[in-house]
Amino acid sequence: MASSTTFRCLFLALFLLSSSSAAYGQLSTSFYATTCPTLESTVRSAVTTAVNSESRIGASLVRLFFHDCFVQGCDASILLDDVGTFVGEKEAFPNRNSVRGYEVIDQIKTNVEAVCPGVVSCADIVALAARDSTNLLGGPTWDVPLGRRDSTTASQSQANSDLPPPTMNVTQLIQAFSNKGLNATDMTALSGAHTFGSAQCSSFRTRIYNETNINTQFAKLRQGNCPAAAGTGDSNLAPLDATTTPDKFDNAFYGNLLKKKGLLHSDQELYNGGSQDVLVQQYSSNSAQFFNDFKNAMIKMGNIGVLIGSNGQIRANCRAVNV
């Protein structure tokens, strides 16, 4: 039988392991309960102001979170400006002249610093802003696990390689999300964020002129604002949701796919005789199922590659590493 000394040693080892977990452990929904109790109301107030000013910004803030998490993890690396020899991610091909919402995050950070200076990371602000944008525009809400710290590095090359382009087929999409620890259901649910927001002509030109699995009237409608010639009207916008609720978070996106009205090639690939067809049909008729899967996938995505404990830093300015 093991001696009492052995038991004490085992207890001590477990205690030290537990203490280490508490100090450097996983994210927690109550992380700022004592250090910044007004954090969530402060963020929501700023997001509300931004969305009321321009409803499209809500979708942009959700996309900002996605583009952050898929590159180095959810560490606010996407917010870093190019300065001197430092090369950030903003000029990567998927982000350049496309990702929006940086100024909103700046404003939220300013507001948060006014009540809780030096406490809240930019990465956590991005995660909260994505949740509030979704909810304020009609979607679900959820408790956001918090405690991320901000990266001191960025990777333009990883942004170029890891962010899935709108040209991917369903197999490629599943693999791209799997590379980040997300399964096919997560991918299809997260794609539902395309139920609001807009896309640039350059990202859907090939689909509306060359593809056959597209509603003819829908294609002609979009051709009216997206010339066939490359380089002409590239930045012209069209709503990702072809219904009457282009700025509302609902399940209309999936109904569009059933009618072959997906704006992006990668969107229509979710319903094109492949593995996700049944799930798309379910989401199109059951918004509760979609909302539940979406919020779970957002929480799961928010855990990708997070910096915690003594890793990273709490940036004073979301655009620059602390000096």
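Heads up, the Cβ atoms here are built off N, Cα and C, so glycines get one too.
Per TrEMBL, the disulphide partner of Cys116 among Cys36, Cys69, Cys74, Cys201 is Cys36. Of all the Cβ atoms in the protein chains shown, 28 others lie within 10 Å of the Cβ of Ser77 (Ca(2+) 1 binding site).
As a whole-number mean, the pLDDT of the domain 'Plant heme peroxidase family profile' (26-322) in this prediction is 97. For the region 'Disordered' (141-166), the number of residues in each DSSP class (helix H, G, I; strand E, B; coil) is 7 helix, 3 strand, 16 coil.
Note: the Ca(2+) 1 site is recorded as Asp68, Val71, Gly73, Asp75, Ser77, Glu89; in the same chain, His67, Cys69, Phe70, Gln72, Cys74, Ala76, Ile78, Ser151, Ala154, Ser155, Ala159, Gly305 also have Cβ atoms within 8 Å of that site's Cβ centroid. A C-beta separation below 8 Å, combined with a sequence spacing of at least six in one chain, links Asp75 (Ca(2+) 1 binding site) to Asp68, Ala123, Arg148, Arg149, Asp150, Ser151, Gly305, Val306, Leu307, Gly312. Residues within less than 8 Å, Cβ to Cβ, of Glu89 (Ca(2+) 1 binding site) and separated from it by at least 6 positions along the same chain comprise His67, Val71, Ser77, Ile78, Leu80, Asn95, Ala154, Ser155, Gln156, Gln158, Ala159.
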